[in-house]
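Feature annotations, reproduced from TrEMBL:
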BINDING   H69, H70, D107, H234, E238  divalent metal cation binding site
Amino acid sequence: MKNVVAAKKVYRLLEDFFQPEKYDDMAANGLLADNTAYFEKIYTATFSSKEVLQKLKEKQAHNCLLFTHHPGAQHEETEPPIYFSQEEKEFMKASGISHFNLHLPLDQINPYSPSISLAKTIGAVPYGQFFEEGGAVMGLICFGDFETARELQNRTSHAVKHRCKLYPYGGDLLMDGKIAIIAGGAEGTEIYPYLAEAGVGLLLTGVGTPKADWFAPSHEAAKACHINILSAGHYSTEKFALISMCRFFEHRGMDAEFIEETPLLTDL
């Protein structure tokens, strides 16, 4: 027999743990679609995409929650986000699929956050925090048993199962195995003088392409401070958080499953 749980109970658990009201977030947070009074299963996904809904169709999912980190789909960094169409919303309503999104509240350093989850995946040990956006502190200073930027690039590529791009603006040696992690992406040239002062020679992040207007200034700042940038993709650096979120739900007596997506690698 399936473990059925009241939808309102799940919403309350998420709101109490992540406290979305604390953050100044441009993205939509909380309950985005309320289509059933109870859940037979929770599905987690990084983005809210047509690909995710297609996989839910194939699984014949119904009376379930779709928990996401982004209210829209993956998209080119030079293009606006894409949200569920009216037809897709109607499919979700007919199937009893509710939608709950947490952006900055999930980014905030916590046991399930993207940066913490990525650090755990590559064997990095966090010992410091930095970089705040909208009230959420999401950056980590870590150490690990990697010796060089190339070694970390290979380890990260193995973890995300695709190539990663290294912008070698600093030396290859990672002094004391120290790195910084901001999963997803981070806008702000002030990051790089801070890392240089902290003796950190590499930032591992998601979006790295200089074609993204909001990230292009970071390349000049990183060059000036001799900080390597290792780009592993927006989706791929955040997906481990959504894998971890299955544990959040399972610890609270619910059945949960992560929905994998195809990474958009033009953001490297």
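Yeah, the Cβs are placed from backbone N, Cα and C, and that goes for glycine too.
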Assigned element (helix, strand, coil) containing H69 (divalent metal cation binding site), judged by DSSP: coil
Other residues, Cβ within 8 Å of H69, H70, D107, H234, E238 Cβ centroid (divalent metal cation site): T46, F47, H103, L106, P114, A183, G184, G206, Y235, A241
